[in-house]
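A.B. asks: Below: one structure in structure tokens.
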Number of protein chains: 2
Amino acid sequence: MAAENNNAEEITEDMREEISEHAKKLVSELEQGHEQAFKADFDELHGYDQGQFYLNLPSQLRQQVIDWLDPSDLADVFDEIPLDDDLDPSELLKEMSPKYAAEMLDKMYSDNSVDFLEELNAHDLGMYLSLMPENDSQDIRELLNYDDETAGSLMSHEFIAINENDTIPEAMQAVKIAAEDAEQITYIYVLNDNNKLVGVVSLRTLMLANDELHLRDVMDTNIISVTPDEDQEQVAHVMADYNFTSLPVVLDDTLLGIIMVDDIVDVIDEEATEDYSRLAGVDVDSNDDNPLKAAAKRLPWLVGLIFLGMGTASVIDSFNGLVATAPILAVFISLITGTAGNAGTQSLAVAVRRLAFKESENIWKMLGSEILIGVAIGVVAGFTIFGVVSIWKHDVLLGVAVGLAMGIAILVANVAGAFIPMIMDSIGVDPAVASGPFISTLSDLTSVLIYFNIAGLFIKLFGGI
Amino acid sequence: MAAENNNAEEITEDMREEISEHAKKLVSELEQGHEQAFKADFDELHGYDQGQFYLNLPSQLRQQVIDWLDPSDLADVFDEIPLDDDLDPSELLKEMSPKYAAEMLDKMYSDNSVDFLEELNAHDLGMYLSLMPENDSQDIRELLNYDDETAGSLMSHEFIAINENDTIPEAMQAVKIAAEDAEQITYIYVLNDNNKLVGVVSLRTLMLANDELHLRDVMDTNIISVTPDEDQEQVAHVMADYNFTSLPVVLDDTLLGIIMVDDIVDVIDEEATEDYSRLAGVDVDSNDDNPLKAAAKRLPWLVGLIFLGMGTASVIDSFNGLVATAPILAVFISLITGTAGNAGTQSLAVAVRRLAFKESENIWKMLGSEILIGVAIGVVAGFTIFGVVSIWKHDVLLGVAVGLAMGIAILVANVAGAFIPMIMDSIGVDPAVASGPFISTLSDLTSVLIYFNIAGLFIKLFGGI
């Protein structure tokens, strides 16, 4: 399937190949100075592909693109460049003249230009802002004030807002004029004479409405909105529940901006990756091709936990006399620490997700429930171990000791797994910071304490095990 | 803020309270038979809130709603009911007459009605389909054929497709007519005379275009699409990259359906929860308020792993003579198994994510990289342990033995953590099935094997440790 034959292309190897064919053509046009051909062919690409093409160019050819494209055209490209750790926006901007860069940033959707600007140092930020029209730089300064990961930091100012007294044809005309700049035209926001948000109307409703009506007659007054300081995870839930493609950000009935669903898709993806990374104790999103760098990123957690693990080792060491008397005790160390660690990881994961969704407002109820779960799991696992050990070693007393230790160790790990993220949440730390490896290493410590104390008690009481 | 004053409401406690006030009013209208008042008040709610209200009603009051609402109105409500494990669609449908239910299912967006229908038994499914108009039931049968978690299972048939030879005013008129039923009107798909997909045009472009032009003049022929058998995770990536709000599903240039961004939001959420659950070895999404039920769901993994852990115990048991000779060996069991388990969990998580994103096509390169990472981490962690143990126990030989065992155990766990999901992926099993607890329990086994063999060798070679 060639691009020329106007056929639909599937995202397949074919298509990727085609994109790279197209990219090669663009590069040769850049190198040979074919400005018009380049512009026409570049225009055929989707925004995302334009962004990827631009990023993958050598700096020198990017200069050529900058020379040929208007700041407003390049703004469309930059709107589609995803900002991640591997990208330094200030380097990209320094390839342009300050005036060009400022104009381009100004033409981008405000949420995107803010994402770029907040990565800059204070000097560069000030420079670019001072080169923008006063109004626009004020707009952006305002957006820069919102905390990262809040609704305010996600919103853009490019929405369509129309007075409620407009007739349907007037409103349609206003939408047409605004469509050039707005980030979306699916929802039109309706303001009263005091510029307060009083309703929302979909373009679909507008198109189907009778020409004699006014906006106030067709608008939906039941507005679902978020405040600018709302956490982005909560914003994502609202958007996911209501299936909107944009959501207004409102404070005191004033419409401050809108959040688009594609930004929410990114938020959900980011938050999920973050939670997953923390549960594993490694940043799964860093695409380091260099194994040494990747190892360097994983080591801090591992080495830190080795020192916590040394605590466990010294607990066992302090019971060394006991192990010398009853070497059989060593056999079950890893079974008990491993199983308790697994149970702790389970309850940690459940607690982190519950806290993220704020499903359970009542922390004590959640903790009570986790204790009951711990007891239930501890009893079943303890009896299982009791049965297996008694039969295997023909020693009921040993079975009781190991089973009892296992049951209690699981209960403790379960409660710790749920309690630690709750404490973190209540002191304002993201509960997802408590990693799986941390909980299981911590539970190793409590588990061996419980195990050897119970074994010691049994030996004292029954004179042996 | 009361609903009556037309002001914007933030999603806050206030708002939730208001929704529940509104719900109470609706319930009393249902109980007292105030049909008109109920219809008007119900209509004020957003689809999602209507769905939640309906689900939370006692069955008897749902019957009242069914009596009062047309199948097509109730279809709008059902379109917003999220299907999860706790919901049995067949029970909801059995509260209606078969004819009413069939008509309602027919009026829902086809992707949603398929989601409901595929939960039914063959008898009920056949009954409802036979009660629908022939055309529609055929449409649905076709959608039912697609595998779960593919693009085909996500798509709906309610798109707008117009011939390329239509003029702009003709197209606008067609959009207006289709707007009533279409799931979205942001993108209009363009067909040639053979009904093949040749382009896509946004409503925005259509609104701004000159009336004299034809669709073929303004359409974008660079179509990003997916095939019906594409995995839903890949579809989500395409949508997230390109920031579209809908994506066409195409086979042999024929437009089969469209996928909406809100379904993709759900997919991303689901897939993330699934991966997270598997890493933790527990379904974090089940909202069981009953602790015993929750415990019952967590136990299979735990108890299964206890039996794997018994393997580790019997390995240690087979070295019991060694432990009796050198009880100090028991001290480092949990440190070595714990650290290797942590390293294994890290590499597992990285591998699962990489495979999900197909970032690395070359499995051997990925494995080679993970071996190098394992060596690097093993060397650093091994030297750390060597230092700590040598100093703590004033015993360099013990330090060397424990450090060496640690290094090798980490290397093995690292490689296993990456290799197991890769094998699963290559035999067609979702690599996320390999859970963190499984890898760490498995690595307990390999770690003690390595540890005691090395310790035994040292004792044999040097006559003690």
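The backbone N, Cα and C atoms fix where each Cβ goes, and this holds for glycine too.
Got these off TrEMBL a minute ago, pasting:
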{"type": "DOMAIN", "residues": "B:155-218", "note": "domain 'CBS'"}
{"type": "DOMAIN", "residues": "B:219-274", "note": "domain 'CBS'"}
{"type": "TRANSMEM", "residues": "B:299-316", "note": "transmembrane segment"}
{"type": "TRANSMEM", "residues": "B:328-350", "note": "transmembrane segment"}
{"type": "TRANSMEM", "residues": "B:371-392", "note": "transmembrane segment"}
{"type": "TRANSMEM", "residues": "B:398-420", "note": "transmembrane segment"}
{"type": "TRANSMEM", "residues": "B:432-459", "note": "transmembrane segment"}
A.B. asks: Could you tell me what the rest of the chain brings near the transmembrane segment (B:299-316), counting residues at least six beyond its ends with Cβ under 8 Å?
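C.D. replies: Sequence-distant neighbours of the transmembrane segment (B:299-316): 281-282, 323, 333, 337, 435, 437-438, 441-442, 444-445, 448-449, 452.
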A.B. asks: Count up the helix, strand and coil residues in the domain 'CBS' (B:219-274) according to DSSP, in that order.
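C.D. replies: Taking the domain 'CBS' (B:219-274) as a whole: 25 helix, 18 strand, 13 coil.
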A.B. asks: For the transmembrane segment (B:398-420), what are the same-chain contacts with Cβ under 8 Å, counting residues 6+ beyond its ends?
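C.D. replies: The answer is 328, 332, 335-337, 339-341, 343-348, 350-351, 366-367, 370-371, 373-375, 377-379, 381-390, 434, 439, 442-443, 446-447, 450-451, 454-455, 458, 465.
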A.B. asks: Averaged over the domain 'CBS' (B:155-218), what pLDDT does the prediction give?
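C.D. replies: Averaged over the domain 'CBS' (B:155-218), the predicted model reaches a pLDDT of 92.
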A.B. asks: Please give the sequence-distant neighbours of the transmembrane segment (B:432-459): residues at least 6 beyond its ends with Cβ less than 8 Å from one of its Cβ atoms.
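C.D. replies: Distal contacts: 274-275, 278-281, 301-302, 305, 308-309, 311-312, 315-316, 319, 322, 325-326, 329, 332-333, 336-337, 340-345, 348-349, 352, 356, 397, 400-402, 404-405, 408-409, 412-413, 416-417, 420-421, 424, 465.
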A.B. asks: By DSSP, how many residues in the domain 'CBS' (B:155-218) are helix, how many strand, and how many coil?
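C.D. replies: So the domain 'CBS' (B:155-218) is made up of 21 helix, 17 strand, 26 coil.
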